[in-house]
Each structure stands twice: as structure tokens, then as C-alpha cells.
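Q: Mind looking over this structure? Questions follow.
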Amino acid sequence: MNSKVSSPTLLEALSSDFLACKICLEQLHTPKTLPCLHTYCQDCLAQLDIGGQVRCPECREIVPVPAEGVAAFKTNFFVNGLLDLVKARAPGDVHSGKPTCALCPLVGGKSSGGPATARCLDCADDLCQACADGHRCSRQTHKHRVVDLVGYRAGWYDEEARERQASQCPQHPGEALCFLCQPCSQLLCKDCRLGPHIDHPCLPLAEAVRSRKPGLEELLAGVDSNLVELEATRVAEKEALALLREQAASVGTQVEEAAERILKSLLAQKQEVLGQLRALVEAAEEATRERLTKIERQEQVAKAAAAFARRVLSLGLEAEILSLEGAITQRLRQLQDAPWTSGPTRCVLPQLELHPGLEDKNCHLLRLIFEEPKQSPKDSGKGGAGTQGGDEAQGQGDDRTKIGKQGGAQPLTPKEGKDQNPQEDDGVFIERGNRPNKKKKCKGRGKSVSREPSPILRPNLEGSGLLPRPVFSWSFPTRMPGDKRSPRITGLCPYGPQEILVADEQNRVLKRFSLNGDYKGTVQVPEGCSPCSVAALQNAVAFSANAKLYLVSPDGEIQWRRSLSLTQSSHAVAAMPCGDRVAVSVAGHVEVYKKDGSLATRFIPGGKASRGQRALVFLTTSPQGNFVGSDWQQNSVVFCDGLGQVIWEYKGPGLHGCQPGSVSVDKKGYIFLTLREVNKVVILDPKGSLLGDFLTAYHGLEKPRVTTMVDGKYLVVSLSNGTIHVFRVRFPDS
């Protein structure tokens, strides 16, 4: 992999968001650089000062604030120089909108200068035509570069202006920095040189940069090398997880096919094995997600520091490079010497084992075994230790094959399998359709001899048999031949028996589908409307779009519309169980409208004491007429009655630190909550207790967006790619 990264250009630095503060999102004002090399406005950093510490908003590193305050953080001369160049290209006279000459008031006694037509790149002054013609007629200004103002504003002379730009001494305004005091590592102007530093050895800026730049470049190369290693580790982690998912899906299919051929008395064992598979994948996902988060955070921190250092080295002036040299050196050395992540996790893969006594009802016919994946050919030569371990595993596998052929070994129970070392499961005997096959041996896929291997993932076999479980029913795409763009599903609702209505905001249409994916046409929406959330009433459809609530007939005729608050980017819509009222979330409260368009009620969940403390992004209703909402301000799921009284509110660890997503309620009152960031749908009981995961990536979830419940028993889930999955909710007592 090529680790060489191209240097940024001046145009990229001026046109990108590099000069924007990541806190206030405005152009940097009085930029201050933290030790992690992230730059923010001085006033913005002052707002983050808590107890003498500042947490960097980008890398989350905690930085102690100097005793003098945030103003004592290092001033970023590099960013200041770029900001000066940007400001110089902006319109000058705020009243007339036209730039004026900077010299006319000085030489002619006028209160204001004439219209500027040129600019001196050395003086950084706008000049009128007369002043521009005579500007280079003196000895001091003979070598100055005067350019056309229009071309300067267009950016034609950015590179030349940057080269002629001089960093100003903060102690002596108007004096350029031109020396580096070696003992003090401080930039000096001529006046500073004759002051306290007169006896100190000093170097001109150009000479100082030549002596120190190679050291910075060497540190930067080291960080680039670590970035390549981080990227390779991240890719290997994702590949290992993809392999595990593929194998788990394959084994799941085998389990389903085997269970269909046996008696109903084996269903309990079938569910147990599927639960083991889900536990295995979920355990692997959880562990991998934590490692990926750490890897991506390290990668982001290293990239940001390297990008900053690269910009300074390629675009900075001598004074700027030297002013930041200490901070950059410290940060790059810190990143280069920091401990990096270990190699990719060695995981065990499940395999299905069928016992010979298939007709024995007292025998566990379905059981999972776990083995490490076979090493890829390109890694076969890496490290003798891994090959030796594979040979040992092969020998163990041969012994187990012999035992299996003798028929004297009984399959391990799940409890016994828990205590067994997964590394010793290589080459175990597996019987499929009464055909013995010796499984592949593992040679340490992704193992690095220079690092400690990550612990092997063990599946959590402690299933909860009382949870409702999903039964996959249908899956279908929502993109139709007439769509100009890929669908973006922002709303779902039931629309008649076993039919759904899909709000495709990207294509500005409401689509009708049966649960098995048959396209039923559309419900017309007003021209220019992009439906966001949707709900079906009796012979009418309500949807929100562009801060308005619409009620239309099935043929698209507008019955009424209501304006909503502009403080909320989207408004969730839900139909009441009676079918003649619709609820909509508006700026933290809920408004309920009758079918004739009159306002029935308005309430804030929790009453007036919660005013301004709620942000209901998703909303639904229960069969009993209660409301369930995802509150992004409180990061919770709130359950309230029709008067707004909060019955319960869930903020537990089951949210995995994510913002709660779409919510749906089945006929028994169970709440199905979408957690998009972790590819999960979790289930809560009617009292607000978290029961566990209902859907995960094992079930094909990839960035789920919105859900709805049809006929009280079908959970419909839309994905970010426009695909819809339909699952039937099966309870243990059904």
C-alpha cells in the first residue's frame, strides 16, 4: 500500500473548511491551537473551559488550560496568514460595497480614498489608479508587486501574495518576524533582536527552517507509516466480521433446512441453536465495534495531526513553521510512539453438526461447533509460529476424526462447549447427511508475530427463551422504474390489510406496496412536496412536508393543510387508533388534529415543566391510545398518555449510547425501537423494561431507518438503501 500522501494546495486550504471553527462553524476568529493540533476560536475555547480543562471536540483529548487562560494557548500564525489572505479578497467598503484606496487619505488629506483598481501585494493595500501608477517610484517600494484588483479578488495572485506575506510581530506592530532565538525558540523581529535577546544566538528564518524541517518530515513519515498499518488492521477487522456473518448465515440456513425435516419436538433445540448463532454474531459485532471505534479514533487523530503538519510544512512561511515546530514535533512524536492496536481478531466460525441418531428425541440433533478460519494463501508465509500451530491443530483434528468414526463420542452440550478452548476445536469431526467431513485447519488468519493476538471471541449462549422472536417473511426493493433517484424512505405506515404506504422523500412520492412487495401505485401529493412522515386515517392520508401538515384523500385531493414550527427540520406523524385523528410532533410538544382540521389537543410530555426540554424526532401510538416518542434532547424513549402525562421513560444502557430511532408498537403493547448506529431493533415491554435485541445485522439489518407495525404482528423495517424487510413477530406462547 502506498503510504505517500500528496501535499495540500493553497487553493484547497482557502476553499475547504480548514479555516472554519468546528465549534461555531464560522470563520476562525483569534485562532488558538491545542496541543493535539486542532484549532478553534479563542472565545469558543473559553466556553469549553470546565474546571481548568478543555476537551477537544474532534479527538476528545483532555487538555489542561494554562493559568493565564485559553488566551495562553499557542497562536496559530499559519491560520492567521491564510485568514488575512481570505479577508483581503473580501469586499472592503461595507457601505458602498466597493473597495477604496488606502493611500489617498494619507497623502491627499481626503476623508476617504477613491475607488481602488489595484493592490500592492507587499504592502497589502488597495490602491486607486493614480496611487498605483506612482507606487513603485520610490526606493522603498521599487520592488513591490502591484496587480489588478479584479484579478486579485478572483484568486489569480494567491500564491504570489502568500509568498510576499510577512508575519507580524505581536510585540511590535508593523515589524515583520525575521529571526529565531535558538535558546528561547522564539520568533523575533528586529526590535526584539536588539532587546532581551541581543546576546542570544539567533538564526534567520530561512536558515532555521532548513535545519529543522528534515526532523519534522521524518516524524511525519513515521506517522504516515502507522496510518497505513491502522488502515490495514481496520480492513482486516471488517473482512473477518464479514466472513463470520456469511458463515453464520450459511449455518443458519442449514439449521432451518435440518429442522424442517424433523419432528415438532425438535423445535426447542432448533431455537436454541439459532440463539447461539445470534449470540455469536452479536458478541463478535459488539467486540469488533469497540475495536473499530478505537481504531478509527486513532486513525482520525493521526490523520488530522498529519494533515495539519503537512499543510504547515507545504504552505507555511518560515516564521509560521518555526512557531509551530515545537507543538508539531511534540504531537507527531507522541503519535509515532503511541501504542497502536493489535492485529485483527482471530475469531471462531460456527459449523452445524448433526448427530447420527436423528430419530432419538432425547438427543441434541443440532449443535454448533467453532473453528478458526483457514489462513489465506497470501498470509501462509508469515511467521513460522502460525504454521506450527496449524500443524498441531491438524493433528488434534485427526484424533477427533478417529473418535467420531468409532461412534463412541457423544456431542458436547452447550454448557460443556462453553468451557472448551475454541483454539482446540480445529479439525473437529462433522457429520452432514451421514457424510463425515474433516474441517479445515486454522493457521492464524491475520495473526502478527510482532504483536499480541486479540482474544478469540466466545459466543454468549445464555439465551432468553421468553423473548418474542422474528420470523422472516418478505424482502423487496422500493425503487420503481419511474424513480429518478435512489429512494430515501423517511416514513412508513399501514395502509389497509397487509399493505403499507411508503414515504419516499427523495422522489417526492407516496408509494403503496403489499407486504410481499407487490407495487400498488401511489397516493398523489401536491407538486413540490417531499413527504417526510406519513400516517393513514379513515379514507385519508396525513403526511408532513416542508414544515406543513397535509391531509389528502386517497386520490390526492388536499382536504386541509396546517403550518408547523420551522424550528424543527422534520415532523413525525402518527395516526390515533380511532382512525379519525392524527398526531404530529412540533418543537418538543405534540399536537392532535381532528379529521376536519381542527386542533383537538396540544400537550408537552411531562407538562409545562418540560417546556424546551423535549425533541420528539419519532412518534407512534399504541393500540390503547398512548404515545411513544424518541426524544433526542433527553436521549430517551418516552411513553405518555393522551393528556401528556409521562407513564415511563427509558434511558438505560440498552441504547448503546445511540440516539433512539423509529418506534413501533404491536397489538400486545410491546415497543420495537430502532438503533440505527448499531444496526439493531431492540424490544421493550409495555412497562418500559428492556427485554433484549429483536433484530440485528444477523437478520440482514444494514442502517435501518424507519419501522411500522402492520396488523399488530408484522414489523416492517426500511433500510437506507431503499430495501424493505418484513418480519412476523412470534411470541413463545403462540
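Quick reminder: no glycine exception, Cβ is built from N, Cα and C everywhere.
As the structure is a computational prediction, the values presented were derived from the model and not from experiment.
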Q: Can you identify, from 21-60, 581-620, 661-700, the stretch that Swiss-Prot calls zinc finger?
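A: That would be 21-60, per the zinc finger entry in Swiss-Prot.
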Q: Among 164-205, 458-499, find the range that Swiss-Prot records as zinc finger.
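A: Of 164-205, 458-499, Swiss-Prot gives zinc finger for 164-205.
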Q: Of all the binding-site residues here, Cys169, Cys192, which one's CB has the most other CB atoms within 10 A?
A: Cys192
Q: Does His197 (Zn(2+) binding site) have same-chain partners at least 6 apart in sequence with Cβ under 8 Å from its own Cβ, and which are they?
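A: Residues satisfying the criterion: Cys181, Cys184, Gln186, Leu188.
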Q: Can you check what DSSP calls Cys169 (Zn(2+) binding site), collapsed to helix, strand or coil?
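A: In the DSSP reduction, Cys169 (Zn(2+) binding site) maps to coil.
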Q: With the Zn(2+) site defined by Cys169, His172, Cys192, His197, which remaining residues of that chain have Cβ atoms positioned within 8 Å of the Cβ centroid?
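A: Other same-chain residues with Cβ inside the cutoff are Gln171, Glu175, Leu177, Leu188, Cys189, Lys190, Asp191, Arg193, Gly195.
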Q: Would you mind giving the whole-number mean pLDDT across the zinc finger (164-205)?
A: 82
Q: If one looks at the chain holding His172 (Zn(2+) binding site), which residues at least 6 apart in sequence have a CB under 8 angstroms from its CB?
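A: For His172 (Zn(2+) binding site), the qualifying residues are Cys189, Asp191, Cys192.
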